Amino acid sequence: MNCLTHSGLFKSLWTRPIYRAGNLYTWGVHSLGCGINQDSKGDQLRPRRIDEFNGNVAKVYPSEYFTAVITDNGDLYTFGHNNYGQLGLGNTEEHQTPQLVRYFRDKGLKVTDVALGSNHAVALASDGNVYTWGNANNSIWDQFQGKASGLGDNYQNNVATPQAVEKLVGTPKGKFVSAGIDYSIVVNESNQVYVWGAGKRGELGNGCSLNFKYPELNPIFEQLSKSGYTIQKIKSCFAGTLALLNEGIVVGWGRSYYGSLGVRQQEYVVTDLENYTPTPVNQKYFQPNEKVIDFDLGYNLSLFLTDQNRIYLSGFDESYVPRPIDLPKDEKILKFSASNNSYAILTDKNFYTSNEFVIPQQKRNLGFLFKSQPKELFDSGNIEQFGGGYRVRYAIVNN
C-alpha cells in the first residue's frame, strides 16, 4: 500500500443513499432464499412480490444460501437454509418464507445493518453492539480441516440466536458490517476496522493468511487512517472484499474470483488470486482524473461508477481489470448491481441487464446488454433498490 501514504484531509465522493421503503420482489434459485413457499423446487425465473411485506422493506441482503430483510421500523426477517441456525430463529428448521428474528424486537432493539456469510450472519443493532449467529465450525472435522468461524467467539456449538460479540462490547459504535465465507468485518464510527474468521485467502486484509477466532484491529487500515484514508463503503462476497475510500480510491483484498476485484496490476500476468493486503483497483482504462464514487461486488464480477457518469466492469473471466461498459452518453446512471454471471444498470431512460439477471435470456458475453422497462417487470413500480451478489436477486419497488 505504499501508493497510499499521503497525509491530510480528503474529500468523500460517496454519499450514503437515502432510499424509500417499498415492496420486495425476488427471483433466482428458489431453494436459496427467494422467500416464497411454492411446491416446485424449480428456479423462480421472473420477479415475484413477497406478500409478507407491505411496502415496508428498507434493506435486503441475499447470501449464498439464505436472505435477510430489514424493515423500515428496524425489524429483521430471514428465510432460506437454516441447518446451522443461521436464520437466528432459535432452531434449525428451514423456512422458505420470511420469519421475524424475534430476539431483537423482544429486546427493544432495532437492526441498523446486516451482512451474511454462507452460513452465518453479523448485524448492527441500536444498542451499539455487534451481533452474530450461525455456523461455529467447531466440530472435530471442522477443526481438522482448519476451518474458521465468522462469529467472533469460541463457541462450542452452532449459534441459533443472535449473540453480542463480547470483544466488541464497549468499542465505538459500528458503522458498516460485511461478511463472506466464514469471516466478518466491522467498520466503526472511529474508522477502526475489526476483522475475524477465515484468512487463508487474504479475506481479512491484514497482511497474513492466519485465521482469527476473535475480532482484531486491521493494522493496515490503522495506518491508512493515520494518513487520512477512511472507508466510505464496504462489501464482501464469497472470499473477496472491496472498499471505497475517500478521494475515490477503491481497494480490494481476498480471493479475486475470475477477476472480480479488479486488482490485477499487470493485466496479462496472474497476480491477483489471493490478495493479503488492501490493493488498489487497477484504473488503467479510466479517464484522467476520473474517480470512483460507488461500486458493487458480486460473486464473480464487480462494477465501478465514476464521477464522469461512466461505469466499468471487472471479472467473469473476461476482464481482470475494470473496463468501460458502452452506454448512451445522454443517459444518467442511477443504480446498478453486480451479481453471479450477470449485472444490471438502471439509467434515467432504460433498465439494462446482462445474461439472466432478471428474465430468462440467452447467455452472451457480458458486453451484450438487454434493454427493458422496469414497469414490465415490477407491476409498473419505481425501483428504489435492486441487487443480489449470488444466485438470488431482489428489487425494492414502490407501487
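Just so you know, glycine gets a Cβ as well, placed from its N, Cα and C.
Positions annotated as domain 'RCC1-like' by TrEMBL: 20-320. As annotated by TrEMBL, repeat 'RCC1' applies to 22-73, 74-127, 128-190, 191-247, 248-308.
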Looking only at the repeat 'RCC1' (191-247), how are its residues distributed among DSSP helix, strand and coil? 10 helix, 24 strand, 23 coil
In the repeat 'RCC1' (74-127), how many residues does DSSP assign to helix, to strand and to coil? 5 helix, 23 strand, 26 coil
What does DSSP give as the helix, strand and coil breakdown of the repeat 'RCC1' (128-190)? 9 helix, 24 strand, 30 coil
